[in-house]
Amino acid sequence: MPAVPARNATRIAANPRWHRVSRTPPSLAYGRPIAPASTTSTRPTAPGSLAVRATPFLFVLIWASGFVVAKYAAPYAEPLSFLLLRYTGVVVLMGSLALVARATWPRWRQAGHLAVAGIGIQAGYLGGVWAAIAAGMPAGVAALVVNLQPVLTAVVGWLLGEPMGARRATGLVLGFLGVTLVVSAKLTTNGLSVLTVGLTTLALVAITAGTLYQKRFCPEFDLRTGQVVQFAASIVVTAPFVVAFESFRVTWTLELAGALAWSILVLTGGGISLLFLMLRRGAASQVTSYFYLVPGITAVMAFGLFGEQLGWIVLAGMAATVIGVALAAGGRVTQPAEPAPTPSR
């Protein structure tokens, strides 16, 4: 292309008609086409910052402490009564934070989606597990049943279109085998009944359905106002069962107050919030695979707090779950990329 003399360049710059010419679409620039942007991209599901990478492991530590809380609270309050107090405390806490910060409240349609997801993740899961253990199911068996969740989530998610390769499938199976080893010492048929098995199965289905529903219909929301909606819905669902099956007798002790405060401030304010943040970034099967680490971490906590023994089988199971989670949660997920912007004319 011949060079433009300096005096002509000045005239061109001052003439608005030449600026319209400069708006040639990028695909026609310099007389040759440019390949269109890809409609799919393979990228990490989360930024590579240290804080983001540490989020799943902080979540596991917090979530595992929930079983310790249950052990402290059990002598002083019935299970659903304790959960009702917890839900109420979360509504007050998150509602206060939302009002002070003037957070955005969800519209009615989104609030409905949040309520449905919350009933599954909160009321259905927690209520089912706590009620089953209170009815006599061994904690190890309950943990084994609900830890089928990553596998069930992966299968249902795959049927709904979530990607899952051989690496993730292998990790999920290995992780579940590791969980089986961790809880094997506590596996017993004592306390098994139609009621207890039904309650744990309900908990498994509830948290799986709630997780997938939230990932699909309402992944983005303010964590303060969103949790107000979810736990308010859980109160509405749980209260009738408390009235029907429990006496709502609560013996207020320092242990119970500490367990309740930890449940509200840490398990919910920290653990549930971290779970929701992870669901925004990753595939549901990828996120739920971290639940495999919970029984092992709980076993370590029980060893330190209650003197429960850690055998070689438990340690081997913990190693298997770590490898399984590394396979299931690692790697990249193919997600749709944003379409290239249309050139202005």
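Each residue, glycine too, has its Cβ placed from N, Cα and C.
Among the features that TrEMBL reports, region 'Disordered' is placed at 23-45. The compositional bias 'Low complexity' annotation in TrEMBL covers 35-45. Annotated transmembrane segment per TrEMBL: 50-74, 80-101, 113-133, 139-160, 172-188, 194-213, 225-245, 257-277, 289-306, 312-330, in sequence order. Marked as domain 'EamA' by TrEMBL: 57-183.
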Same-chain residue ranges lying at least 6 outside the transmembrane segment (289-306) that approach it to Cβ under 8 Å: 56-57, 59-61, 63-65, 67-68, 71, 143, 147, 149-150, 154, 168, 171-172, 175-176, 178-179, 182-183, 278, 314, 317-318, 321-322, 324-325, 328-329
Positions whose Cβ lies under 8 angstroms from the transmembrane segment (312-330), at least six residues beyond its ends: 56, 150, 167-168, 170-185, 282, 285-287, 289-290, 292-293, 295-296, 299
The transmembrane segment (50-74) in contact with the transmembrane segment (257-277), cutoff 8 A, at least 3 CB pairs, sep 6+: yes
Maximum Cβ pairs under 8 Å to the transmembrane segment (172-188) - stretch from the list 80-101, 139-160, 194-213, 225-245, 257-277: 139-160
Residues of the domain 'EamA' (57-183) by DSSP state, where helix covers H, G and I: 104 helix, 1 strand, 22 coil
Seg_contact(the transmembrane segment (257-277), the transmembrane segment (139-160)) with at least 3 CB pairs under 8 angstroms, min sep 6: no
Closest-packing stretch to the transmembrane segment (139-160), where packing means Cβ pairs under 8 Å, from 80-101, 194-213, 225-245: 194-213
